């Protein structure tokens, strides 16, 4: 039994990725490389979209926002994780933990909503190609983007307030390399019923709603593609949504594997913490690779940016 401590918790201790000292430096090098690839890849996508006028369309505005999220989401956790790998001090202040949790949940939630909007965009493009420019105007695209960011940050505000209004007077050791709702709530010595219900109800409504929009959009997309007579027409239609579909599978696959799989923490907590990095670190690195490999317009814009950069360096 864990003994109660009457002193209110003012800071938390992040357990870290691994308890083995001999793997700390190899992990540090590996995650520095992954983080740099993430920043460079998503930064390149943003630069290509900003500089190439042909990409100034709603589809690529949405992709630009995905790249922004894929830069910000790991940036909320990775720098602190890298610092913890090099030092013995794994502490994070109460306010620092609250801010980390807030921004992480907000950015992750925004990405869920953004993927739903991107699925709707592909649904309109494939199912109503002649009316696409009338339905997905730049104004409507901006309205949808503002809505996704506002919903993500509002959802996170509710969860952060409910989580950190709890009383913490037991252990302050967070069984994760970052502050997340489940491991922080587990440290509370007051009733966690409201916080847990908010995660289930509010998070469930937002999350399931966004997932259903994505799923229904792709049901209609696949149905429309199957009705196309020519093989070339089917290939062209599928190519317009293939990259986004891969990103959706990657996002939901890693999320489900991280949060919904049976817990094995009794056997290997370090392994569970490494698995959780699939969602927060690996996915943001792979997204720009998927879009740069699958999308010919993005590849062309990236080559153009690279040529201009090489020419400017020569002059």
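We count from 1, first residue shown onward.
Every residue, even glycine, has its Cβ placed from backbone N, Cα and C.
Under the heading domain 'G-protein coupled receptors family 1 profile', TrEMBL lists 41-291. Residues or ranges marked as transmembrane segment in TrEMBL: 27-48, 60-79, 99-120, 141-158, 197-221, 242-262, 274-293.
Listed stretches 27-48, 141-158, 197-221 were compared with the transmembrane segment (274-293); the greatest number of C-beta pairs under 8 angstroms is found for 27-48. Of the Cβ pairs linking the transmembrane segment (197-221) with the transmembrane segment (27-48) and spaced 6 or more residues apart, fewer than 3 are under 8 Å, so the two regions do not touch. Under 8 Å from some Cβ of the transmembrane segment (141-158) lie the Cβ atoms of residues 58, 61-62, 65, 102-103, 105-114, 116-117, 121, 198, 202-203, 206, all in the same chain and six or more residues away from its ends.
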